[in-house]
Amino acid sequence: MFAMSITQKLSTLRLPPLPTIGEIIKLYKLKAEKQLSQNFLLDLRLTDKIVRRAGNLKDAYVCEVGPGPGGITRSLINAGVADLLVVEKDTRFIPGLMMLNEASMGKVRIVHGDILTYKMDRAFPGHLKKQWEDDVPNVHIIGNLPFNVSTPLIIKWLEHVANRSGPFVYGRTQMTLTFQKEVAERMTASTGGRQRSRLSIMCQYLCNVKNCFTIPGSAFVPKPEVDVGVVQFTPLIQPQIEQPFKLVEKVVRSVFQFRGKYCHHGVANLFPEEHRLKLTEKLLMLADVDPTRRPYELSMSHFRDLCNVYRQLCDQDPNLFSYNFREELRLKKLHRISHKTS
Ligand SMILES: C[S@@+](CC[C@H](N)C(=O)[O-])C[C@H]1O[C@@H](n2cnc3c(N)ncnc32)[C@H](O)[C@@H]1O
């Protein structure tokens, strides 16, 4: 016990101290990169708090996305991870990350690349793979990314959850990520809530989503305009909607197109103009959804029923799924223009 705590202390001490804010600004020319939304967390108590919320990471295999100057990276090393894969797009941070790798005796694997295209299905040893129905695997994803990357990335990873691909070939890999506070609230909003939106359904039909805590914008350097929410995602063994991701995405997007209006307005966009009225009525009736409910008042089981019935309609008409309301509008507009000019 005594020997272990000495070893832990030594490995903590071996890490070079985090540079001061002034040093960071000088080293990484922070001001110059503000347009890239690089907001750093330099307070080790906060980075430790994020890492603690990810669970017990002793001997864990972790992918950190966007490590930047390495605040969270240090907390992860101090938590005793076995293997830390960091994916960073910006070259300027690679030397600092190499320094952390040396200090942690080779625990940090650095990928200089873009997380939006990086393939994670072979990133960790195969023996870590668990069955989907088993406990969560000892593989974690963690990160504080710019908001313009974290939202498209979570949509991409949700699709991977649905298909059990990418980071989810290891099983129900947990993710602990930061988002703009309002986005974090949308992800976790319940039926009828002010923030209930497309993201609420997309996240919650596949994952148990927890809004862990909020970090004030003032804790970041430079300070962003907004506060930040730390959100944890644990994939569900049984998704709440059992239809292909793209189909769920299409239905949910259409329904929320007019968030404040009765839901039949959005549902109607799923169907070509000539059959719109009839099919909208049919879908809402078979799914037992009141057309005068607002989208944010619909529960997960309403969305499940809407997706299941829409699937039946698509099976009856193979052209239906490829119908795109926006495309129809675009063609109409083109037609009008060519009519005017001829
Ligand atoms: C908001 S900063 C946070 C840095 C660090 N994690 C922290 O908390 O201090 C986001 C980091 O993600 C990196 N980044 C941005 N887009 C990325 C992408 N597509 N792939 C990998 N890294 C990215 C940026 O270069 C930056 O280092």
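Glycine is no exception: its Cβ is also placed from the backbone N, Cα and C atoms.
TrEMBL names Asn39, Leu41, Glu88, Asp114, Asn144 for binding S-adenosyl-L-methionine. Of Gly66, Gly166, Gly171, Gly192, the residue it gives for the same site is Gly66. Figure note: comparing Cβ neighbours within 10 Å for the binding-site residues Asn39, Asn144, the maximum is reached by Asn144. Around the Cβ of Leu41 (S-adenosyl-L-methionine binding site), 21 further Cβ atoms fall within 10 Å across all displayed protein chains. Long-range C-beta contacts of Gly66 (S-adenosyl-L-methionine binding site), restricted to its own chain and to partners at least six residues apart, with a cutoff below 8 Å, comprise Val87, Glu88, Lys89, Ile115, Gly143, Asn144, Leu145, Pro146, Val149. Counting other Cβ atoms within 10 Å of each Cβ, the lowest count among the binding-site residues Glu88, Asp114 belongs to Asp114.
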